[in-house]
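So that you can see what the record holds, here are the features copied from TrEMBL:
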type: REGION; residues: 1-31; note: region 'Disordered'
type: TRANSMEM; residues: 71-89; note: transmembrane segment
type: DOMAIN; residues: 74-154; note: domain 'Potassium channel'
type: TRANSMEM; residues: 101-120; note: transmembrane segment
type: TRANSMEM; residues: 126-146; note: transmembrane segment
type: TRANSMEM; residues: 187-207; note: transmembrane segment
type: DOMAIN; residues: 194-268; note: domain 'Potassium channel'
type: TRANSMEM; residues: 243-264; note: transmembrane segment
type: TRANSMEM; residues: 396-414; note: transmembrane segment
type: DOMAIN; residues: 402-478; note: domain 'Potassium channel'
type: TRANSMEM; residues: 452-475; note: transmembrane segment
type: TRANSMEM; residues: 517-536; note: transmembrane segment
type: DOMAIN; residues: 527-593; note: domain 'Potassium channel'
type: TRANSMEM; residues: 569-590; note: transmembrane segment
């Protein structure tokens, strides 16, 4: 994060008033003595919160996330244009009709949300092609919203930690620990849950009172609607019901998506909350001071102590420090452990010389490094801390396998309670389980008893939970990918220099191969599906395209479905792989979008990697204008990269004052030997 005050001292506003202490026993530079030969006690876990995204400044990341206003504008245009188009083609739509404009708006909403009841369906080639276009446009809007949600999770930072630590300075540890348990994220989670329950109850009551459905049928219709399953056997059929449905379907489907987002957010903050409790519940010890001595000179300065506390909080890890420490050692040509303006000017001069020369060694060095593909593709192995927290895809696959197996067995046992176009009982059971899990919900097979409907409600809920786990995996994947891009950029800068690294970044092209492969795979799925629908199901060409499009987007109106035994057996695999392919496509689009914006940040960080005189002055917490220590530089560079903020440093500096008040210097100095006595 580029800070507005980067030309000011890093510890500005904190060092000045606190160094005026008059206690003669206190060192003026607020340094602690420790045993010089003591080992570096790096006991702090390095995976405290490595999955948190990099904080983003307004200047760099203000454009990163799609604007909510823009999403709302697109949604309004979609609804308006869709209503007009479907109203003009209302004579080509069959089904249970009420009012022309209302039916057009209602049909637009159930198409966009992929509910697709089937009570209104296109009845001409033009109407079907129009529905295909609006189905895909609606999925694009859903993808935009999912990208917004992924970026929100990526931007979610350690605000809880900073606020808790600030609060700790004011009200004490016990009250902080109590407040942590009821933080704002949980409030949002519970609020969304309450709203979702209210929407479910209101929809159930409305269907029971207005649409004259049974209580179980009403609840069944609500569950199949908000999960976008929409079998179509139960739907809104009255004029008043459809007016209510236009607003209720939008609100309930959005609320359910928001609920899953907050579930993922609460889950990712559990580790951070545990870390906050641990940090607030312990005191600084001698071992802490040993661990804080970065340069191993027996003295712990303010900047070193701040770095230690930030690492302890989980805001940074040892890898963050190591990368900048190596850069510091490269600049520290006289091995003095400090930087001066003279040393920097010499290094800057040689960097310019190497940039403008055609030295053969430099060319060879660049060819050996092989960094061109590492920045954007991020092919390096993630640190153990990242791999340890990454979700297990095999476990998710196991869950899906169990879901399909148990669902098939149960639906087979309830085969007499399921009505519709049947073929072979086992194939029909597996087919119904797949269209339920993927929320396609054609409606060609539907439950018609209370037991079967309750079972469907249960399997709909479980299927949406599995979908939520998949979304969580995708969000974590994007976060880890973003972190590795930044790590590789910094490594490249350290190996070949910032000037050459910038040239390499400019020459790197975004890897679109996975997106192209996904597009080809999805196109292949469509072609294969259309071919089977033409040859096995005997549909005409337009109906086959229409059925394939409404299936892959999980709209599933139900007027065109798989009816033959072989067709349904094919559909079991085709629907499962096809809907997964569509989800993978959206993930790769979000990944490329993240890569582009992360590369912009990497370029800005590396362009400032050659430390100017003002940078050195800003990095000096002592403000003597002469030398700058490793800890000073590490703090400054971490702040420049957006890993930490001035508020984080302020919190650690307050903790330093507490240590100065509570810890006697004699307690952290080595005991005298017998000879010295």
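Using the three backbone atoms N, Cα and C, a Cβ is placed for every residue, glycine included.
A contact between the transmembrane segment (452-475) and the transmembrane segment (243-264) is present, since 3 or more of their C-beta pairs, 6 or more residues apart, lie under 8 Å.
Taking every listed stretch (101-120, 126-146, 569-590) in turn, the largest tally of C-beta pairs under 8 A with the transmembrane segment (243-264) is reached by 101-120. Secondary structure of the domain 'Potassium channel' (194-268) per DSSP (helix as H, G, I; strand as E, B; remaining residues coil): 58 helix, 0 strand, 17 coil. Residue counts for the domain 'Potassium channel' (527-593) under DSSP, helix first, then strand, then coil, are 50 helix, 0 strand, 17 coil.
In the predicted structure, the domain 'Potassium channel' (402-478) carries a mean pLDDT of 81.
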